[in-house]
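According to TrEMBL, the protein carries these features:
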type     : residues : note
DOMAIN   : 91-659   : domain 'Major facilitator superfamily (MFS) profile'
TRANSMEM : 236-257  : transmembrane segment
TRANSMEM : 263-283  : transmembrane segment
COMPBIAS : 354-363  : compositional bias 'Polar residues'
REGION   : 354-428  : region 'Disordered'
TRANSMEM : 468-495  : transmembrane segment
TRANSMEM : 507-530  : transmembrane segment
TRANSMEM : 537-559  : transmembrane segment
TRANSMEM : 565-583  : transmembrane segment
TRANSMEM : 604-628  : transmembrane segment
TRANSMEM : 634-655  : transmembrane segment
Amino acid sequence: IDNPLLTFDDTIVRPGTNNTELEEYVQQFARLSDLEDRSELMLFGARLARDKHEAMSRYHAELTAPERALIRHEADKDAGFWKQSKFFRATIITASLAGMIQGWTQSANNGTIVGMPQDLHLCIKDDECAGNTADLWTFGMLNAIPLISAAVFGTTLADPLQENYLGRRGSVMVSCCITIASTIGASATHTVAQLAVCRAINGIGLGAKASIVPIYSAELSPEHIRAGAILANWQLADAAGIFLGFMANLIIVSSVHNVSSSWRILTNTVLIPTVPLLVLIYLMPESPRYLMKHGKYRKALEAFTAVQTTPLLASRDFMYAHAQLDFESRLLSGDTNDERGNLAQRIVGSHSNVQLALSGSESETPRRSVSLRGREIETTPNIAHVARPRDSHQRSTSRNKTARERDIELAGIGRRTGRRGSDSSSMDTDLGVRRIVKKENPYFYHIGVTGYFKRLLELWTNMRCRRALLSASVAMISQQMTGINTIAFLGTTVWENSLGTSDNPKVTAIIGLFFGAANYLGGLPAYWLSDKIGRSILLAAGLPNMAWSILVFALLFQIPEGSAVRVPLVSIFAIIFTLFYAPTAGTSPFSISAEVFPLVSREVGMAVSVAINLMGAGILVLVFPMLMHRIGTTGSLSIFAGLNIVAFFLVYLFVPETRRRTLEELQFTFDLRTRWHVEYRAIYIRKHFTKNWWKYVTRQKVRPPIPFYRWARITHAEEDNES
């Protein structure tokens, strides 16, 4: 929920306590979390998170001039990543090494196609081994097994490992150890079985890092830079690893002429980013949100302090994270059927059921109201007034009228007539639940540390999570439907069989290096395009361009082998295709998957999304060598032109936009029916662009279409009420 601190009144002192609702909430949290010595700073942080202009006015005399300037300009464009604390920058750069390991492993495995098949007595060249399909399947299996293992085992083990045993940092360290051991083992193998086992183990480490590190980076990042840049960072680090792996490949094939030794040396180059990550991640802070889910509040506050620029901003992020986790978990842990209700209705419905369960076990007469945050609420939603929340704690009371009109209407929480509060606080309910479930954490967001399979089941049983999973899955599988991994994983095979470069591996390595450079440099615009244009829109816009460019790329293989223009033209269009891919399908899927899930379900949701992506890549790498053998390079690559068009329609219809959507807006978006989003994109958005396409082309001012969640509330208001 976006900024639930706005639901607390901070102006009226309650009789009997001489505190406002916000003060009571902070004091109760400080007492239960054993942070009473930090209560004043936490209250300051909560007020800053609630409304920074109001807080700056209240504490004007206590703020230094640098602090006021920092708070006022924190979200400005020039206050991005490089203006954050040194420790935060070091942490994110260290985490990026994990993405680099994955990309480096891909290009290293690609490069080992020169030497490895000969060493293991596999025949994979069409002109020498016609009809030997068994070796082609074996070769495909060796390239696919780390990806399939990562999908099946790596992502599955990552969740319980990080949630129940080692945390984010410890799990990354274990995955690094797995990568180091399996990499050294793979370089010393002499049989297909030995290499298959080592690569399968290596895949476990790859899958674990891919599931953990993007979340770790996002959880450490301040909110105003978390979107876009940080979420795109994983794929850009992966692209950098691919480039550096191809560079290592070129260096090795140029200096080591014994192919039996060169592929083994190339395999071990993956250790270059792995060993530093193993050492440096130990020096980095643990994810504060992970610590909060496990009731380690003091350590969480210390972690926020380590990565923020001042203790005050750390306290703000700490209170904001607590309120988000607390409220969001109340929605997900309740048994309310009002999936489309506003925040007040859903919180009421959730806590009515919890309170009735408690009262049924502790008293004979169930209560007819629920105490939530010091307010007594009717068990049936009674909307007293309408409040308009800000989009995030970075926004202020000084927003203009247009911005206010675009806010989501959040119904206020009803009160009993003639009563300002309740004698018992919401923490009484929390503690009652804690006694029943025997959890150390005194808050409802203990849901984040429940069993893996329970949270996995929730992805299917909870409608909000299920719709988010559909969106993330479509985005992730669309990346594999582009066909990019035919080059990233099997480029050497394509060049050798289709361009006749097997006699000169240096040419193959140079083509791979240019591909890696285009993949990385082309991905850099994603840092600002993803926030300027949008993740879903950017992904959808890239797919048609990849369709025509890969079709031309495939047709160029029909140029006669003796032609002097064959290799240059094929290489150029491989780069053009990659430049369309890198800033769109290269980065958007991971950004979308990291944003769409609720905070308390993000780990398992991200793990499943990554598993789908890796499984798709594994199947592609497994079947493509045989496909290329059966129908040729042109035919096999042309298939992806059609798959890109299919992926475009899937993304366009089933992946809602998440750009600059607050958590509250995302909650509304994924509470709405999927078929409504299909109708929104197929009818409303199509008509909008049909009407205004010339204005977009000529860069005239166009009133943007209204967001999906607002359109659905207007268009399907009657159907929504009836259901």
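Using the three backbone atoms N, Cα and C, a Cβ is placed for every residue, glycine included.
Please treat TrEMBL annotations as automatic predictions, because they have not gone through curation.
Quick caveat, the model's predicted, so the values are computed rather than measured.
Beyond the transmembrane segment (565-583), the same-chain residues lying 6 or more positions past its ends with a Cβ under 8 Å from any Cβ of the stretch are 239, 482, 484, 487, 498-499, 501, 507, 511, 514-515, 518-526, 529, 538, 542, 545-546, 549-550, 552-553, 556-557, 559. The largest share of C-beta pairs under 8 angstroms with the transmembrane segment (236-257) comes from 507-530, of the ranges 263-283, 468-495, 507-530, 604-628, 634-655. Most Cβ pairs under 8 Å with the transmembrane segment (604-628) belong to 468-495, among the candidate stretches 263-283, 468-495, 507-530, 537-559, 634-655. Nonlocal intrachain contacts for the transmembrane segment (263-283), taken as residues 6+ away from its ends with a CB within less than 8 angstroms of a stretch CB, comprise 90, 94-95, 97-98, 100-101, 104-105, 108, 111-112, 114-116, 119, 169, 172-173, 176-177, 179-180, 183-184, 186-188, 241, 244-245, 248-249, 252, 256. Residues 475, 478, 482-483, 498, 526, 529-530, 565-566, 569-570, 573-574, 576-577, 580-581, 583-585, 588-589, 592, 632-638, 640-642, 644-645, 647-648, 651-652, 655, 657, 659 of the same chain lie 6+ residues outside the transmembrane segment (537-559) yet bring a C-beta within less than 8 angstroms of a C-beta in it. The average pLDDT for the domain 'Major facilitator superfamily (MFS) profile' (91-659) in the predicted structure is 74.
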